[in-house]
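K.L.:
Sharing a structure with you now.
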Amino acid sequence: YGVPEEPPPVPDTCGHVAEERVTQAFAELTTKLSELQENVTNTFHGCNHCPNGWVTSENKCFHVPLEKASWMVAHGVCARLDSRARLASIDAADQAVVEPLSSEKMWIGLSYDSANDAAVWADDSHSSHRNWYATQPDDESELCVLIKEDQYRQWHDYNCNDRYNFVCEIVLH
């Protein structure tokens with residue numbers, strides 16, 4: 001009986017099998033990633049439209065609810081109508097779209113920040129457009145802005161607790 005021979009070398013199947021598994025897992029993950037990216041794109045694409053009953057203007061939607069509310073409550077009402085909505089930030093083009101939506105006074109998203117001595121939009125956007133009536137703003141206790149119902153449809157400062165119609169806005173992306 002002699003010394004036993006060494007067994008023949010075993011092929012490196014474990015490494016090969018592991019490599020195949022990693023390659024297959026990577027391919028599956030790549031496919032899943034593509035599906036998820038498509039779902040995200042479709043989801044956001046689906047949100048890039050105005051809800052029924054809202055007026056479309058360029059990249060914005062506008063709506064004047066039937067109820068009247070204080071300026072602050074109006075914020076919440078807009079958000080309940082659509083999570084993307086807030087009181088409207090009005091520029092020159094928007095003014096022409098918004099005016100016919102109500103024949104009554106309506107809050108817009110502009111208020112006076114006394115701490116910074118500046119008028120600010122509810123969405124923190126900046127616009128040089130102002131449509132103040134000649135004598136406005138005229139009262140330091142009136143910190144919120146509305147479009148007046150008169151023939152001029154210009155802006156007036158009013159007490160934020162007063163209840164008026166209001167215009168909500170959604171900015172489409």
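Cβ atoms here come from the backbone N, Cα and C positions, even for glycine.
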K.L.:
Among C50, C61, C78, find the residue that Swiss-Prot gives as the disulfide bond partner of C168.
P.N.:
C78
K.L.:
Tell me, how many other CB atoms lie within 10 A of the CB of C61 (disulfide bond), whichever protein chain they belong to?
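P.N.:
Looking across every protein chain shown, the total is 21.
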K.L.:
So what's the mean pLDDT when you look at the domain 'C-type lectin' (51-170)?
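P.N.:
Residues in the domain 'C-type lectin' (51-170) carry a mean pLDDT of 91 in this prediction.
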K.L.:
Cβ distance under 8 Å to C78 (disulfide bond), same chain, sequence separation 6 or more: which residues?
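P.N.:
Listed in sequence order: P65, A85, R86, L87, F166, C168, E169.
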